[in-house]
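**Q** Take a look at what Swiss-Prot says about it:
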BINDING   115, 116, 117, 118, 119, 120, 121  ATP binding site
């Protein structure tokens, strides 16, 4: 305890280049801790951490943990990882990333954003609002926030804004003072087993709020609404529903922005604008409006903060335009995210949409095959590529070809399966001047956009 409090502890992260691990490592480095980490390959993230003073190793080896006091792992780290085995042999504590995040949050008032979709954007907006309001928050986000140039920020204020990860149940380790839930969809059932267990997990997460805290819940989402009777702490709701405590009306989708009127019950708070695409981002912004209002931040300050929000990398990021073809990249990989992103693309650009989609994980493809089958209706052309395994083993019946067959069966007229290495070339053959090309998925499909732009520039 004295080592951690005196900041003399040597903390090692296995898989430090991961988006969830790197943010915590960066905050600890900025606090003055000795931080080391390992990853399989060098990346922009590991280079950034090394530049901040982190000791980064490539490859996993027992000698990486010989001089450390604690080892931090994510759920992606296998039990037989040599660093984990050596740490346990030496009786060095091995803890999940959420436990380390919780230790940082104990020093602050925690604002934790959870949900199946939209939590990275909402977390980023919330951190930006608190910064704009002069509260100088610490933030750990599951994506690179453009205004921070990173997925983490160390602040001197009393608040810490974090993205809460439900995928492995680890959000039940963190102590939020304010909890926001954007939505709850059946996802990560490899961990939760049943949708009801997932729902119960969110109830437990919200009930971790202290008696003086607050839960901010999206009443528009039926599963979120269903947890209201089980929540034992103070709740405010938000959404388009007339039953919402904070309500959005007159939503306008125009180009790269969404505008709407916000109300606190029957009191008008004003018209707000955020430079994000898609109706769903009106609700993400509304959650932040509710947060600001409940914290006593004037609506005018919130309006200015949302208007100046610069977004998050890989959340509808325009990668470039060549020969009249615009290339956009997005992280969406769940059917609900895919559907919302494609709808937003069509509404914002009003062009023909060519979608390059890479399924993420065999389990997700298998479990959500039926939902994926109807998620691509707003794509005029769909190029499907190989499943990004994310460490999983192949599952019979869960392939890109199986997914393409399901999408065609539900009526899509233009679906083609293309190997990842040939994706950019295949896209070049299909596009026309004026098209919007959307690379979509949580894997390395993000690189296909620059590859296509390079081909178009030749």
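Heads up, the Cβ atoms here are built off N, Cα and C, so glycines get one too.
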**Q** Of all the binding-site residues here, 116, 120, 121, which one's CB has the most other CB atoms within 10 A?
**A** 121
**Q** Return the residues near residue 117 (ATP binding site) by Cβ distance under 8 Å, restricted to its own chain and a separation of at least 6 in sequence.
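**A** Counting only residues 6 or more apart in sequence, the Cβ neighbours of residue 117 (ATP binding site) under 8 Å are 182, 183, 185, 280, 332, 334, 336, 337, 340.
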**Q** Determine, for the ATP site, the additional residues of the same chain whose CB lies within 8 Å of the mean position of the CB atoms of 115, 116, 117, 118, 119, 120, 121; present them in sequence order.
**A** 113, 122, 182, 183, 284
